[in-house]
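The next block holds one structure in the form of structure tokens; read it before the comments.
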Amino acid sequence: MLLLSLTLSLVLLGSSWGCGIPAIKPALSFSQRIVNGENAVLGSWPWQVSLQDSSGFHFCGGSLISQSWVVTAAHCNVSPGRHFVVLGEYDRSSNAEPLQVLSVSRAITHPSWNSTTMNNDVTLLKLASPAQYTTRISPVCLASSNEALTEGLTCVTTGWGRLSGVGNVTPAHLQQVALPLVTVNQCRQYWGSSITDSMICAGGAGASSCQGDSGGPLVCQKGNTWVLIGIVSWGTKNCNVRAPAVYTRVSKFSTWINQVIAYN
């Protein structure tokens, strides 16, 4: 079996909660908006972030990686003071959920981010006050720089993005979808030279991420631990479920992420 150019080892961030182990276990059908996804189990993806403006409009996802840091996509253009990190959300139509709404003190975008090529599409958000871990809020593990993943491994992406490439219908409940990973070479067969070594591709098998999922997680399970291997970045405008979606390859940025956290 081919290997994606990336050994799955973990960078532990956080407190005694550790990382990547939800208190509430996810339930996956692996059968098939996200597009062609399904409702997640309440609280089963505790690192999922909703990025919102002051009106409560959800515009991007993100992943909690420690009590003070969230990782998202650079193209989400998060502005401290104008945008907020919302933790613990599941049903966006509910006003009764135990949410944590946190201000952003700093948004640190990778210095080589290119909005034309979408290369290096990653931003770190420092929270103005630390998140409080609960059964519904805890961090994900980061893939390390020497990550290796087998082709065809099924991973999961989550979010509240559009349910279809047509129209603007978004779900109330957090969606999840299992997606197979594809190699860089396979992805380049569809996207050509747009795919760089700093990207990872998944999907093309009847399901996809879509607009509004941007910045959110692509996670794979190792044993009982979930590891963040991708950040939702880009794909077809109509969210074609037969085309692989493109994610920022977290392993290429784990050293930079840890350096930013250490010095800020």
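Using N, Cα and C of the backbone, Cβ positions are placed for all residues, glycine too.
Annotated active site, charge relay system per Swiss-Prot: H75 (among others), in sequence order, evidence recorded as similarity to another entry. Mapped onto three states, the DSSP output places H75 (active site, charge relay system) in helix. In sequence order, S115, M118, D121, S214, G215, S233, W234 constitute the residues six or more apart from H75 (active site, charge relay system) in its chain with CB-CB distances below 8 Å.
Annotation comment: Swiss-Prot describes D121 (among others) as active site, charge relay system. The secondary structure of D121 (active site, charge relay system), as reduced to three states from DSSP, is coil rather than helix or strand.
Positions annotated as active site, charge relay system by Swiss-Prot: S214 (among others). All chains included, 24 other C-beta atoms sit within 10 angstroms of the C-beta of S214 (active site, charge relay system).
DSSP assigns C19 (disulfide bond) to coil in the three-state reduction, placing it in neither a helix nor a strand. Positions annotated as disulfide bond by Swiss-Prot, on the basis of sequence analysis: C19-C141 (among others).
According to Swiss-Prot, the disulfide bond annotation covers C60-C76 (among others), on the basis of sequence analysis. Sequence-distant neighbours of C76 (disulfide bond) (same chain, 6+ apart, CB under 8 A from its CB) are L51, F59, C60, G62, T123, S214, G215.
Around C155 (disulfide bond), a 10 Å sphere centred on its CB holds 24 further CB atoms from the protein chains shown. Look at C155 (disulfide bond): DSSP puts it in a strand. Under the heading disulfide bond, Swiss-Prot lists C155-C220 (among others).
Within the same chain, residues at least 6 positions away in sequence whose Cβ sits under 8 Å from that of C201 (disulfide bond) are L181, V182, T183, V184, Q186, C187, W191, I195, P244, A245, V246, Y247. According to Swiss-Prot, the disulfide bond annotation covers C187-C201 (among others), on the basis of sequence analysis.
Feature annotation from Swiss-Prot assigns disulfide bond to C210-C239 (among others).
Marked as domain 'Peptidase S1' by Swiss-Prot on the basis of sequence analysis: 34-262.
Feature annotation from Swiss-Prot assigns N-linked glycosylation site to N114; the stated evidence is sequence analysis. Secondary structure at N114 (N-linked glycosylation site), taken from DSSP and collapsed to helix, strand or coil, is strand.
Swiss-Prot lists 1-18 with the feature signal peptide, giving sequence analysis as the kind of evidence.
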C155 (disulfide bond) and C19 (disulfide bond), distance between Cα atoms, whole Å: 17
Residues that sit under 8 angstroms from N114 (N-linked glycosylation site) by C-beta distance, when 6+ apart in the chain: N120
Candidate with sparsest Cβ neighbourhood (10 Å radius) among C60, C187, the listed disulfide-bonded residues: C187
